């Protein structure tokens, strides 16, 4: 059997009891990212995205007669999908099973915004001097016009090569980079400035209520609610970060967001001001 | 500390290792629905929705000096939210922590449709002779016009009283009812019939590709992909069921859905026909 096992979001103990039992009975266990080998009590083989693409057949080898597990941070079908491994397994006649777990796509509910009030999820990528895509803005705008919240997944750059090293064929990688809530807010504010004069239906402003989230599910997770402008300077700590642009807010959602308000005294006033910016 | 702990979707072993450790150290443990007391190794107190609303103070009592856990099927902030308990805890000066787990809101990715291609989630309620709300149709239509998939959560009726028992003040409840994929598809088809002559932009038809899901995360889960018409008769087995109305399909998504096709031979043709029904 080929098992795709979600590890959840916090630490090694966020694996499910079922998942851990399976890991311990498997003859081979691969994982996407570093996790605690000691805790799982079995030898783990690191398999980053590149390895999975190049060595999928190796990973699935003999999984029809033995048990093989592939461990994925979050849920196996969360933000990054593992459909390709499933399709290969099925094609090779290998049965598979998925052990689900929390991912940012559902754990984001911890800030108190209702999951069924979210529209399309967007990704915000690192801008460069010459490449500043704005397409996510239009998706946020569409969600907001429909009163929906938008979960923004923030860019991660792992195993990136500098142009110099790439040209020299050197497999030297830049240090990993994780977009912060501050950076995401800055990019959004720049887009708003660009659109201010063109766009009659400016559906997001500096005062739009946003939620910054860091290390969701971990013991030191942080949630901060405030204006988009406040997100530029809020101190969220280390990665991973996500950000939500709110749509229409239900009273119970507002009560929850107040628990995490950057500035509790002004939160209610901000919201009243902001609600006039959407087009309904 | 007050702990909100997600149990995941399948059986008792879908709790996380961290969640189980906390349950075993708590002085009181409440749970929303029946689960295996033996497995968790501690005494559990059943607390349905009514109990939670009426006895929230009792549940939270002394949680500032002892550990109390509240167990929730899926994730604590999944389809049903537990914000009210969190707000009460914070107001009473009780620290709280959330132990996340899978919920239908993210586990639905197991059918191969990408979570970031989903729009707003909708609920389909049981119709009665005199009450046939159609508002979910408009949300599905809006998602589909934007190329997005729609997760439809299907109605559950638990602890419902008949009008007779309600009037007599008898606390006798009807047996629980769970909407099936078949019933949801029938209601949608009825709406399509109603709209056919009024609605120029008919964004859903009998041939729209849908996905039926039953008992997601359990060992006997079932996924079926086919037309909305096919969903009327597909045999999904016992509850809980959910249904997805697809939007624009990516080739990798189509490959995954084919694994679950009700009629593998005609699946590709259906899709080609269907793609002409959205308005883009």
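For all residues, glycine too, the Cβ spot is worked out from N, Cα and C.
Site annotation (TrEMBL, ligand S-adenosyl-L-methionine) includes B:75, B:78, B:103, B:104, B:154, B:216, B:241; from B:9, B:20, B:31, the additional listed residue is B:9. Chain A comes within the C-beta cut-off of under 8 angstroms for the following of the binding-site residues B:9, B:75, B:78, B:103, B:154, B:241: B:9, B:75, B:78, B:103. Residue B:154 (S-adenosyl-L-methionine binding site) carries a strand DSSP state (E or B). Listed in sequence order, B:6, B:72, B:103, B:104, B:105 are the same-chain residues at least 6 apart in sequence whose CB falls under 8 Å from the CB of residue B:78 (S-adenosyl-L-methionine binding site).
The DSSP secondary structure for residue B:104 (S-adenosyl-L-methionine binding site) is helix. Proximity of residue B:75 (S-adenosyl-L-methionine binding site) to non-local residues of its own chain (separation of 6 or more, Cβ distance below 8 Å) is seen for B:6, B:100, B:101, B:102, B:103, B:105, given in sequence order.
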